[in-house]
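Visitor: I have a structure I would like to understand better, so I am pasting it below and will then ask my questions one at a time.
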Amino acid sequence: MTEKDNIKELPRLQWFPGHMKKAQRMIEENLKLVDVVIELLDARIPASSANPMLKEIIGKKPHMIVLNKSDLADAAATKRWLAYFRDRGIRAVSVDSVKGRGMKQLVREAEELARPQTEKFVNKGGRARAARCMILGIPNVGKSSLINRLAGAARAKTADKPGVTRAKQWIKIGSNLDLLDTPGILWPKFEDPAVGLKLAFTGAINDDIYDREQVTALLMDVMRRDYPERIRERFRLQGELPAGGLELLECIGRKRGCLVKGGRIDMDKAQNIVLNEFRAGKLGLITLDEVPSDREAFPTGKGESEHASE
């Protein structure tokens, strides 16, 4: 069975947990309070982490893209993605919320994008105020960590668990920018099983949604195909890698001493090692989504020209 066959075997998820429906309503109700929507994507999977419902939700509200976790992504691929968005008139920056890289540019771009709205407010007789931005993104894309870095303190709740931000939170960033944090929301149905798979790889959806062993084996298929040297280096494997992802996972488990009575491999332990090390960037800087060749292929986004009439 090929890698594509294995992906086809994954169930097509169709779901919409109650708390996500509630979060969507909260976002829609609060859009009128903000000048700009900041869409936070995972730099490793920019296309797969883009919510296709977002365009409908935000309408013509000015919108920019932030590629977070760029410290875990292939730098050359991130540059291609930034060029892709900018070529289409979409403001886009890459950031590293852990080390703080890219934060000043993010704030500058957000303030510039909001300026027509803040100036319009003053021209109508209002007092000068900070730009108001709403941050949107899927679970575990790093919204709270980003805000904490910008605010300089642990203002938003953070955890390496999808969906930990539950309620609306306003955070003041200096004197010129106010951020509205929102709970992460996913869309009701993953039409493309590969999208759900990449979300599982990065931990954007809970590990119990798919079969964990199958997900990890498919990750090994991808790594063996696209980044074989990273696998060899990290797990100190010699010679030709096993042909299948499951066999490669077993090989890694044996190498790492994940053995139980009788010399059998503890697959749960091997899966945890591989997924945790991938998510922590210990397998190297990796990008799983390539820039689409077709302009319409990207799920969300629009250029600033569409905002001109506002």
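Yeah, the Cβs are placed from backbone N, Cα and C, and that goes for glycine too.
These numbers come from a predicted model, not from an experiment.
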Visitor: In TrEMBL, the GTP site includes ASN68, LYS69, SER70, ASP71, ASN140, VAL141, GLY142, LYS143, SER144, SER145. Which of GLY100, GLY174, GLY184 does it also list there?
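Guide: It is GLY184, as the record lists it for that site.
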Visitor: So among the binding-site residues SER70, SER144, who's got the most Cβ atoms within 10 Å?
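Guide: Sorting the candidates by Cβ neighbours within 10 Å, the top entry is SER70.
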